[in-house]
Amino acid sequence: MRKINIFETTLRDGEQSAGVNLNFSEKLEIAYQLERLGVDIIEAGFPAASKGDFNSVQEIARKIKNSSVTGLARAVKGDIDAAWDSLKMGAEPRLHTFIATSPIHREYKLKMTKQQVIEKSVEMVKYGAARFPIVQWSAEDASRTELDYLAEIVEAVIQAGAKVINIPDTVGYAAPIEYGNIFRYLREHVPSIDKVSLSAHCHDDLGMATANSLAAIEGGATQVEGTINGIGERAGNVALEEVAMALYIRKDFYHAKTDLVLNEIKRTSDLVSRLTGMQVPANKAIIGANAYAHESGIHQDGMLKEKTTYEIISPELVGVSSNSLVLGKHSGRHAFKERLQELNFSVSDEEMNSLFVQFKELADNKKTMTDEDIVALVLEEKATDISFYDLASLQISHGTHQTATATVTLKKGDNEEIQEAATGAGSVEALYNTLERCLGCEVNLQDYRIQSIGGGMDALAQVFVKIDFDGVETSGRGLDQDVLEASAKAYLNAVNRVIIMKELEEKAVLQ
Ligand code: KIV
Ligand code: ZN
């Protein structure tokens, strides 16, 4: 069995998905979960892109011990310096530097000749290798690059010190056989190829990212890059859970394996989906809600006789549990704490106190508390930033042929309270008009989505909003048993993010 390294880029390429906007604590929470999932490398961000990115990469590098942490850098010294400054405290600092190699990118974007691209790459790889123990070099748009030129530049960067060579299908253009053949070609035509690990990085514009990544493995790749749930630029990156499960279920064919802890897949997928607000389609391979549901009579009959007739993956293998009824309102602190441990969460005493209060409040109103409810509460607790505005109370009246009215009281900071009322065409509009009045400035709602956590009439509601506030486009989440309270929390969560971000920026300017 060949070992395939998993290079996880949810926090970099995944965060480039339109509308995705993760804050510091959310990124850290995802990084911890990726470590639990057993990924080999976490690409934590693009340190030179912003102060926020730099800080989160630095914190992730400091905290994560069982995965190597890397950050992206253009072929620019300043980017490589920022990457080094943010990553040097990590367990195994790794640089990921890239430059485009295809004719279309050379001519229109870089305005550089073939030779200039080689020289720049060599210079930057040498600069990186003088600092980092491991340098990965990527040829952006490699799949549309002349093969002989690709082989020439790959040999040059290996000589300069690159240890991993990444061959991205940046625009999701390659067909599987073609993409696999690029790897075969490089193995045959690059003299020093045995000194490096070859990596595949596929985008899903034509829906071929999983097939392409697997074809690359057949062609000799020993590393695959991708994201959880396949989020990413445009149509996304390859969904790593699909590649890992294809290798596992078809080991007879691929003779390759990953070190992923497969039963952490579902939890990782849920976490990424909740924090990014990008819902997983019900029919999504491996982790979709319907992936293990058998609807037709013929299939159900087959399943009852012998599961393997229609089930190639057992849901438990990827962490989809059928037994999710766990605690109720009479459960005590001890049982709750034990359940958190079984779910693999480590919480501080302070988090535990707050979580237990929330658990009791929820258990009072809900007939059954599922693992999904508990996971949602913990993630919410862990991923919430300090807030500036908090919802103190709300009252909404609405009905058929009636103008909806809302009254809201907000807590601002420690002592101030703001109360306002307003109307709207529906309950959510009335609520948001009232919140806008409380804030005293315009907030543009661009997206509003609602999702239930688990099933049943008393399920928790999770609301996701995208807003434009104070010149910044951002998103927010809110969790509550009541949809309108969840809506108010999501809106305030988004507003708080902008305020906190602006405060941090101001502090950075003053320093
Ligand atoms: O898709 C791509 O080419 C990339 C590179 C920066 C590696 O994400
Ligand atoms: Zn990419």
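Cβ atoms are placed via backbone N, Cα and C, with glycine included.
TrEMBL does not curate its annotations; it predicts them automatically.
Since this is a predicted model, take the numbers as computed values, not measurements.
Cross-referencing ASN181, ASN229, ASN237 with the Mn(2+) binding residues that TrEMBL gives (ASP13, HIS201, HIS203) picks out ASN237.
Sequence-distant neighbours of ASP13 (Mn(2+) binding site): residues of the same chain at least 6 apart with a C-beta under 8 Å from its C-beta are GLU43, GLU225, THR227, GLY232, GLU233, ASN237. Of all Cβ atoms in the shown protein chains, 31 besides its own fall within 10 Å of the Cβ of ASN237 (Mn(2+) binding site). Comparing Cβ neighbour counts within 10 Å across the binding-site residues HIS201, HIS203, the minimum falls on HIS203. Other than ASP13, HIS201, HIS203, ASN237, the residues of this chain whose Cβ falls within 8 Å of the Cβ centroid of the Mn(2+) site are, in sequence order, THR9, PRO168, THR170, CYS202, ALA209, GLU225, GLY226, THR227, GLY232, GLU233, GLY236, VAL238. DSSP assignment over the region 'Regulatory domain' (390-511) gives 41 helix, 60 strand, 21 coil.
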